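These notes concern the structure reproduced below.
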Amino acid sequence: MASTTGALILAAGKGTRMHSDKPKVLQTILGEPMLRFVMDALAPVFGDRVWTVVGHRADMIYAAFAGEDARFVVQEQQLGTGHALQMAWESLRAAGLDRVVVVNGDTPLLATETIDFFLKESAEADIAFMTLTLPDPGAYGRVVRHNGHVAAIVEAKDYDEALYGPEPSEINTGIYALRLDAVESLLPRLTNANRSGEYYITDLVGLAVAERMNVLGIQCGEDPNLLGVNNPAELIRSEALLRTRLVIGHIEGGVLIHAPETVRISPRATIEPGAEIYGPCEIYGTSRIARGAVVHSHCWLRNAEVESGSEVKSFSHLEGATVGKGCSVGPFARLRPGAVLDEEARVGNFVEMKKARLHKGAKAGHLTYLGDADVGAGANIGAGTITCNYDGKNKHRTVIGAGAFIGSNTALVAPVTVGDGSLVGAGSVITKDVPEASLAIARGRQTNLPRKPKA
């Protein structure tokens, strides 16, 4: 695609029918903002030549895409789609574009192949738009044709049969291709003389026809995937379709997915051929599951990495965690951001880790909290052990040396270090460093007293 063609996403609206405080384009599908699916569909065609018009709660959209190479244009007042184009015009011109494809930010089912097709079909047009024929056109803008040629697009609420004739079933999808040189003279002529009091991008069509420009309405059959998401029911429908599309893609790519109808996978997740997933299971964000890894049912992963030969057992929760090769996690384990398991490390049931590392072969079998900790190779953490890392104001680190053995029900009060090969007796409260190859016991002495006879 030539570098003079770009894309504009309209994402400034409130989406009141979603009954939510956040912008409609931030409603989540498979753990991702709806807007991301639109951006992902456009990126292979336009690269970084994609702008997004934001308005309502723009701050939330900025935060959702912080750190990413996204370009935004602000529409302070939401005065319609035509006004949104006017707000973006200077940016589009400054980028040296000849053509721009305009899409709505609430079309998560939009496919890259559809955009490719549309660009080829509209190559010679001054203005082109995609249309569908629906048995029930609903609230979508109607396409008016005279002798097969496009005459205008009329919003449903403004349609008057006395002016335009019998109401057609062909509707506008809201996807446009505009030649900037042709449209530039038309933009200032948009008015808000309609029932909504808004400036419609659709009015450019009628203006262009009046100027005898080349206007095309490109028909795409009855594909509902081109339509926007306007309410919770449509959001759930779109999510179901995308979930199926993504899961089938992974299966066809060589991933073994059991009960695939119960598995949810983010479009940003990477699952290598030869990995095995048991449903129900949820894999979100930039998670990566390597070849030969197994994730069992009822697990939840976000931005987690699981290397080959590792097994994540049922009911485990991993977020921002890294699981090395040949590891075992769970069942019922929780690995929070910054948790790292090196090769052949093991974490059992009801173990929680946060900003903690288990080096090669280290084990924490059950009922343990490891926070802000470094556990050396081959060390063993007994049941009920906790690192007391927070003093009410600051966090402190615990270091456990290679080959150390921490007895059950031990409290390690950070900052503290247990040296290599040391043994900590069960039930100890360790407040001072333990030298290498030492035995540390810090608990009250047991006293046995005879019971008094019952009266």
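From the backbone N, Cα and C atoms, a Cβ is placed for every residue, glycine too.
Annotation comment: Swiss-Prot describes HIS366 as active site, proton acceptor. The Cβ of HIS366 (active site, proton acceptor) lies under 8 Å from the Cβ of GLY348, ASN349, PHE350, VAL351, ALA383, each of which sits 6+ residues away along the same chain.
The UDP-N-acetyl-alpha-D-glucosamine binding site annotation in Swiss-Prot covers 10-13, LYS24, GLN75, 80-81, GLY141, GLU155, ASN172, ASN230, ARG336, LYS354, TYR369, ASN380, and the record cites sequence analysis as its basis. Note on ALA12 (UDP-N-acetyl-alpha-D-glucosamine binding site): other Cβ atoms within 10 Å of its Cβ, all shown chains, come to 28.
Listed in sequence order, the residues of the same chain lying 6 or more apart from ASP106 (Mg(2+) binding site) and placing their CB within less than 8 Å of its CB are ALA11, GLY15, LYS24, VAL25, MET34, VAL38, GLY228, VAL229, ASN230. Taken from Swiss-Prot, the feature Mg(2+) binding site covers ASP106, ASN230, and the record attributes it to sequence analysis.
Among the features that Swiss-Prot reports, acetyl-CoA binding site is placed at ALA383, ASN389, TYR390, SER408, ALA426, ARG443, with the record citing sequence analysis. For ARG443 (acetyl-CoA binding site), other Cβ atoms within 10 Å of its Cβ number 13.
Looking just at the region 'Pyrophosphorylase' (1-232), the mean pLDDT is 93. For 1-232, the entry in Swiss-Prot reads region 'Pyrophosphorylase', with the evidence type sequence analysis.
Mapped onto DSSP classes, the region 'Linker' (233-253) shows 20 helix, 0 strand, 1 coil. What Swiss-Prot records for 233-253 is region 'Linker'.
Annotated region 'N-acetyltransferase' per Swiss-Prot: 254-455, in sequence order, evidence recorded as sequence analysis.
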Cα proximity to TYR369 (UDP-N-acetyl-alpha-D-glucosamine binding site), best match among binding-site residues ASN389, TYR390, SER408, ALA426: ASN389
Sparsest Cβ surroundings (other CB atoms within 10 Å) among the binding-site residues LEU10, ALA426: ALA426
Which of LYS24, ARG336, all binding-site residues, has a Cβ with the fewest other Cβ atoms inside 10 Å: ARG336
Closest of LEU10, ALA12, GLY80, GLY141, ARG336 to ASN389 (acetyl-CoA binding site), Cα positions, binding-site residues only: ARG336
Cβ contacts of GLY141 (UDP-N-acetyl-alpha-D-glucosamine binding site) (under 8 Å, same chain, 6 or more positions away): ILE153, VAL154, GLU155, ALA156, ILE171, ASN172, GLY174, THR202
Entry from the binding-site residues list TYR369, TYR390 having the most other CB atoms no farther than 10 A: TYR369
Listed binding-site residues (ASN172, ASN230, SER408), ranked by Cβ neighbours within 10 Å, top entry: ASN172
